[in-house]
Amino acid sequence: MHIAVVGLSHRTAPVEIRERLSIPEQSMEMSLKTLRGNDQVLEASILSTCNRLEIYTLVRHPELGVGAVNEFLSNHSGLQTGELSPHLFNFHHQDAVDHLLRVAAGLDSLVLGEGQILSQVKKMMRLGQEHKSLGPILNRLLTQAVTTGKKVRSETNLGTGAVSISSAAVELAQLKLGQSRGVDDLVSLESEQIAVVGAGRMSRLLLQHLQAKGASGVVLVNRTVETAERLANDFPDLSVECRPLTDLNTFLSTSSLVFTSTAAEDPIIDASRLKPLNRRSQLRLIDIGVPRNVAADAATVDGVESHDVDDLEEVVARNQEARQAIAREAEHLLQDEAQQFLDWWDSLEAVPTINQLRSSMETIRTEELQKALSRMGPDFSARERKVVEALSKGIINKILHTPVTKLRASQARSERQQALRAVERLFDLDPS
């Protein structure tokens, strides 16, 4: 068996490719079922965010297993394997383990050390458990990843002051506004007419950062006004007006700055919607949705400036240099955590031998116990029989405890294999 991960991220694929492979939560059960339906895939888990899609699997054969995942991705996205392959990465065994731990720690994120990715890894594990696509190996690996993500943030300063996708989007707006005024710095949003489209987790974070950056008011646009109102109630110090998505054109006409973050699978803003508005002032669209909420042709409309998640690099670069030293400290911690999992994984090769050894001892115990009990005759009470049986089990468990513990103990793989072969020869075992 082999652990493998196949995926793409902001490092390997532009947003127009990433959005083709994005898997919404409502499609996760079927996607996991499809993967597990392949004979090569024993366990599977999917991480789908705005900046990455990664499929972690336990497979029978590395090449055939990766081939099965590639076929799934091609079918899901409608892209030929040749179109996808330049954007995909795949890692096996220790490299796959190292990669997942780096992801959970925020070391592979666009925004170094961002905290949201850990919640997304937890969600990946929860969905895998709910849809029964996880087995003991990936369940243990994901648990180790979550533990590692927490440990990195508690034992280093990596999470302190880290920007998020949402905060980077707000800073990008400030930066672009400043540049339009001839200032290469972040400017206040106090005088801007701002709209936020969507009322999910990312929109909540947008409202937090808009409030912190001086926004005086925000129009919150959502399909369901009640959902928007519940979110707005959490920001009593920010003036938030909630409106239905059917009023979107009104706010595209009057706003100077519009953030979009919805779960829509197709763009909700494009050139055909913007052109008839006849705007007289600049409109900046900042889209952090994946799939994108704003079509690429929106930027062709006069007076419209459009940005997506890939444009956040400009802001992120301003914040990263000071965090690199902390990241190096976190990398050392990750090495220890990865080794813990790999030691556990290596110890699993002892399980078949241990199970057969226990089975062999149990057979001997029951046979000898029956011989002894038959010699005791009918005067031997049921209670006395139970005492003798418990005694026989206790003796076997005591005898096996030390050798079983040593076979499972962390040690060089060659030493463990040598010990296993010795036990198999001594007790005439055949764990295969």
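Quick reminder: no glycine exception, Cβ is built from N, Cα and C everywhere.
Look at Swiss-Prot and you will find CYS50 tagged as active site, nucleophile, backed by sequence analysis. Reduced to three states, the DSSP call for CYS50 (active site, nucleophile) is coil.
The annotation substrate binding site is assigned in Swiss-Prot to THR49, CYS50, ASN51, ARG52, SER109, GLU114, GLY115, GLN116, GLN120. Note: CYS50 (active site, nucleophile) has non-local neighbours ARG18, SER22, ILE165, ILE288, GLY289, VAL290, VAL309, i.e. same-chain residues 6+ apart with C-beta under 8 A of its own C-beta.
Under the three-state DSSP scheme, ALA199 (NADP(+) binding site) falls in the coil class. Annotation for ALA199 (NADP(+) binding site): spatial neighbours LEU220, ASN222, THR224, THR227, ALA228, ARG230, LEU231, criterion Cβ-Cβ under 8 Å with sequence separation of six or more. The NADP(+) binding site feature in Swiss-Prot is assigned to GLY198, ALA199, GLY200, ARG201, MET202, SER203.
As annotated by Swiss-Prot, site 'Important for activity' applies to HIS99, with the evidence given as sequence analysis. Annotation for HIS99 (site 'Important for activity'): same-chain Cβ neighbours under 8 Å, separated by at least 6 residues, are VAL5, PHE91, ASP108.
Of all the binding-site residues listed (THR49, ASN51, SER109, GLN120, SER203), GLN120 has the fewest other CB atoms within 10 A of its CB. According to DSSP, HIS99 (site 'Important for activity') sits within a helical segment. Taking each Cβ in turn and tallying the other Cβ atoms within 10 Å, the top scorer among the binding-site residues GLY115, GLY198, GLY200, ARG201, MET202 is GLY198. According to its DSSP assignment, GLN120 (substrate binding site) is helical. In this structure the C-alpha atoms belonging to THR49 (substrate binding site) and GLY200 (NADP(+) binding site) are separated by 14 Å.
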